[in-house]
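Beneath this line is the structure, given in structure tokens, with notes to follow.
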Amino acid sequence: MRASIYRNFLKILYPATTTKTSNSRIRNIMSESDQSIGFDTPRLVTKKILAKLQHEGDGAVVRRGIGRSEQKFLDPFLMLDDFSVSPPAGFPDHPHRGFETVTYMMQGGITHQDFAGHKGTIHTGDVQWMTAGRGIIHSEMPAGEGAQTGLQLWINLSSKDKMIEPKYQELLSDDIKRAEKDGAEVRIIAGESMGVQSPVYTRTPTMYLDFTLKPRAQVHQNIPESWNGFVYIIEGEGVFGKTNSSPSTAHHVLVLGPGDGLSAWNRSSKPLRFVLIAGQPINEPVVQYGPFVMNTEAEIDQTIEDYNYSKNGFEMARFWRSQ
């Protein structure tokens, strides 16, 4: 297949995007009159984006919060999808190069297969952290009846890491570290919270925290000042950044401004669940062509050629099909 033909094929499957571009400390303070919180510069919400439904893969539905026109890129994050997939829909065989995918199951299961012979299923609460590096072709298909739901985050890799060998880190739900204080509970997928550290190695330094706040609870999480960060609300309603902010509801992405920490309050009568994701900016040019993310157009052209001719990382693609 010629590169120009394959480009048109990818445009249908994936939107093309080109963009040039202390450890944590938690306090749970039950008095909402205390606004000092201990942050020198509290992070405020600078942009609020509703993740809208769209179709992806083969019949799957996602709510895309990062990677759409309102927020194409938040260095080092390329995409965040809140997905729902029911058989026979799914994400059949497709390639990646130049970044990492983090799949976090909310409900049900997803079975993964790749052309290197790796196969497995992650279930509710499990995480797969996949470094695509120089090249992976894989499938992600629902592992049960009914809707299988979760979050998938794409994290960019620096130029020095884009062509490394693919790697996987998988955490079962029971192995994900947790902490709790004064009605605020956190699952620590990456980074540190409430003095508890995740074992996940983040090649691009990243924080990925899943908070659940009971009614009237609050939490205050430190974030390295040089990092970019955002919140995605899974369920409930919360106040973020400062006590007099307007509440935000489920399926909104909240892009955070500069500062050394984020505060969140649950003033509703129902639980609030959200993920806080932050990472160290790479500060390199980004050229994304669907599932390929490199630094230059020439590297994208080379990637398409490598994929088409099964070379430079895609050697096993020629004869492989998922089962």
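Our numbering is plain: 1 for the first residue shown, then up by one each step along the chain.
Cβ atoms here come from the backbone N, Cα and C positions, even for glycine.
Features of the protein shown, as given by TrEMBL:
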DOMAIN    63-155  domain 'Pirin N-terminal'
BINDING   HIS94, HIS96, HIS138, GLU140  Fe cation binding site
DOMAIN    208-312  domain 'Pirin C-terminal'
Handout entry: Which listed residue (HIS94, HIS96) has most other Cβ within 10 Å, given these are binding-site residues
Key = HIS96
Fill in the blank from the handout: By the 10 Å Cβ-neighbour count, the most surrounded of the binding-site residues HIS138, GLU140 is GLU140
Problem - Helix-strand-coil residue split for the domain 'Pirin C-terminal' (208-312), DSSP-based - result: 12 helix, 50 strand, 43 coil
Fill in the blank from the handout: Confidence over the domain 'Pirin C-terminal' (208-312), expressed as mean pLDDT on the 0 to 100 scale, is 97
Handout entry: Within the domain 'Pirin N-terminal' (63-155), residues counted as helix, strand or coil by DSSP
Key = 0 helix, 64 strand, 29 coil
